[in-house]
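Everything on this sheet refers to the single structure shown next.
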Amino acid sequence: MELSLVRLWNTCFPSFFYISTVLFLLTGGGVYSHSEYLIGLGSYDITGPAADVNMMGYANMEQVASGIHFRLRARTFIVSEPQGKRVVFVNLDACMASQIVKLKVIERLKARYGDLYTEQNVGISGIHTHAGPGGYLQYVVYIVTSLGFVRQSFDALVDGIENSIIQAHENLRPGSIFLNNGELLDAGVNRSPSAYLNNPSKERSKHKYNVDKEMTLLKFVDDQWGPVGSFNWFATHGTSMSRTNSLISGDNKGAASRFMEDWYEQNTAERSYSEEFISDEIPRRVSSLIENHQDSHHELLELASYFESQPGKPVTRISSSARRVRSALRKADKPGFVSAFCQTNCGDVSPNVLGAFCLDTGLPCDFNHSTCGGKNEMCYGRGPGYPDEFESTRIIGERQFKMALELFNKASEQLQGKVDYRHVYVDFSQLNVTLPKKDGKSEVVKTCPAAMGFAFAAGTTDGPGAFDFTQGDDKGNPFWRLVRNVLKTPDKKQIDCHYPKPILLDTGEMTKPYDWAPSILSLQVLRIGQLFILSVPGEFTTMAGRRLRYAVKTQLKNSGNKDLSGEIHVVIAGLANGYSQYVTTFEEYQVQRYEGASTLYGPHTLSGYIQEFKKLSKSLVLDMPVQPGPQPPDLLDKQLSFLTPVMMDTTPSGDSFGDVISDVPKNLSLKRGNGQVTVVFRSACPRNDLLTEGTFTLVERLEQKDKTWTPVYDDDDLCLRFKWSRHKKLSSRSQATVEWRIPESASPGVYRITHFGAAKKLFGSVHHFTGSSSAFVVT
C-alpha cells in the first residue's frame, strides 16, 4: 500500500508541480482572483529633440538640450468593463501634460476609434521632469524660454501618446488589478516649510509629516500572462537633475520606471517567477544574460586588437536598435512589462532631501525666504548624491523602485466594481465659489484671471531664479513694477482679487500675440472599482492635496452608494490634461513663497477645485450627467517659433560623419564597477532624426563564436551618456561624445562603442551614418 502511494506520488508530483506553477503565474504570485476587467498596457518613445531646444521646468534660458541621459516614454493603461465603459491613463516622462497636445491626441483617437476614446475618459499626466524638451504648450508664458513653439517637441509627444494608447488598446485582455500602498520616508522633503506651518495647527496635528509619504500602487495581472505592469503615485519633484543639466532625462521617476521594467524583464527571463519576485536588487540588465566566456585577460586583449575603429559610413535609416537591446529579454508572444511612476501632489515636495544650503558659506539657507545674505541665487537644495546630480537621480529613483517592488510583491486588495468617469471644463478666471462660514452660513467668493507674483521669479531651492527676487515677498519693488507695467498694468480689481500677492505678470489679461495663460481648465475623475483618480492640471502642495482628497472621499462615502461601502482610495494625478502652475491652501497663499506666487487664480483657487471635484464625484456615484463646460481654445495655428532650423551639417575635408575623433587607447582594459570609456565621433545635429524607438549610441559586446557584435547597452541606459556639441556656437560641424560608466553587472569580454546619426545636406536631404570605436576589454 505504501509503495503504491509512493508510485502514485512520483507519477503525479511533476504534473501537480507544473499545474501549481502555472496557477501561480496566472494569478500574479499566489493571489487567486476572478478577472473583473479587460486590461491593456502600452509604452512608446517621446524623447523628442536632443539638441538646441530649451528644457521645460526651470525656465532657465541657458538650459538647452545637448544629449541624452536616458530616453523618455509615454506609458499607458486601459481598463474596461467587458461590455461597458473604459478609462485610459497615460503617464508621460515630461514636465507636464499639455492642453493642446491632449486636444490633438483626442482628434487622432476619434479618427481611428470613433467615440471610444474622448477627452472625458482619457487622462494624461506628466512626471514633472525638468530635463525634457520644451515648447509643446500653447500658452505664451510657458514657451518664452524655448523661443516659442517647438513643433518637434509637440509631435514627439502627440505621436508617442497615440502609439502608447494604440498598443494598450491592442493588448486588451481579461485580467485583474490589485492595489497596495505604503510609506516611503526618504524620497522627499518640504521645500517651503514656513508656508506649510501657516496651515492651522489642528489640521497639521492630524499628519505625522509635512509631506505625503504614501505611495499607492496598481498591479496589473493578465489572466494568461501573469503580471504585465504597474503604475504608482508618489509625491516628489522631478528636480534631482539641476537647472544646469543639458542631457534629456526622466529624472528620478523615469529612472525608477527603467529600474522596475528592467528588473521584471530580466528576472522573469533568468529565474523562475516564484523564487525571484522577492528580490529588490537593481536589475543587472541584458549583459548579464550573454554567455560569459572565461578567457584569459591576455586572450581577450589579443582578440580586441583585431577590431580597430571603423570609419564613418552611410547606412539606411537606423532600425530600432534600442528595442533590439531590451527585446532580448522578452517573449515574442507577450508585450513588455510597463511600469510607470506617476506624479501626484508634489507642489512643495523636493527630492533634494539633504536640505537647502548656501553655495558660498555652506550654511543652511534662511528658513523663511530661502536666501543667502538676502539673495536667493546662492541657495540650492542638495540631493542624496550631492554634488553628483546623476547619483542623486539614481538614488531617489532607486528608493521609489524598491518601495514599488515591495508593494508589487505584496499587492492583494483586488479592485472590483464599476469603471466610470466624469470630465468638465471650468473657467477658473471667474469662478463663483461658495465657502462655509463659522456661523453656519456661507459666502460667495471669486477666483481671478491668472496672475503670477513677484516670488515666482525667485524660483525655489531646487532651482533659484535670478536678480533680486525673494520667496515670501508680498510687496514687490518699484523697479520690477515699472518693468511689469511695460507689458501689462493690472487694474485695482485684479490687484484686490489676488491680494496679498503682488502681481509681477498679469498673464490672465495678456493676449498679445495670443493668450499668455490658460483660463479654462480640465477637471476629471476616473473610477476603477474602489479607486478614484483625480486628474488636476497643476501642482498641488501637500496640504492642498490632502484637503482635496479628503473632500472627495467624504463626498463619496456620504453618497449612500452601496458599491462604496468598503474602503475607498482617492489619488491625485498631478500635472494632468494641461498645466496651470500651482495650487496652495488659502493659508499658504498668504505667505507668498514660490508656490503661493504661482497659484494663478488667487487665494480661493483650491476652494474652487474642491467645489468642482465634489460636483464631479457626486454626479459619478449618482450616475448623473454633467455639462461639458466651455471648450478651451485651440491655439495651434497661432503659434510662433523663433528656433532656428538646422541649415546643414558638415565635416572637415577628408573626414566623414561617424569617424572617430578620439578613440579608446590601444590595449585598453578596464574593470567593472569603476571604469569609464569615452569616445568622440564626427556627428550631426540630432534634430535631423530623433531616432524615435532607436538609439544614438550602443555599447556592443563581441560574440566570440561567430565574431558578431551584440548590443548590450543603449541611450536608454543610465550608465551610457550621449553628449552632443557644436564645434562653435553657429558652426555646421559637431561632435558626439559617448561616455560609458561600466557597471558592476557588465559581463567580462570584448566591447566597442557605436554611434548612429543623421546629417542634413545644404538643400535639405538627410542621410544616416554610423561609426564604431576600437575594441577594448572589460574584466
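Each residue, glycine too, has its Cβ placed from N, Cα and C.
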Listed residues Asn190, Asn432, with the one flagged N-linked glycosylation site by Swiss-Prot: Asn432
Close in space, distant in sequence - Asn432 (N-linked glycosylation site), Cβ under 8 Å, 6 or more apart: Val444, Val445, Lys446
DSSP state at Asn667 (N-linked glycosylation site), helix/strand/coil: coil
Among Ser350, Asn368, Asn667, which are recorded positions, the residue with the most C-beta atoms within 10 angstroms of its C-beta: Ser350
Euclidean distance between Cα atoms of Ser350 (active site, nucleophile) and Asn368 (N-linked glycosylation site), Å: 16
Three-class DSSP secondary structure - Asn432 (N-linked glycosylation site): strand
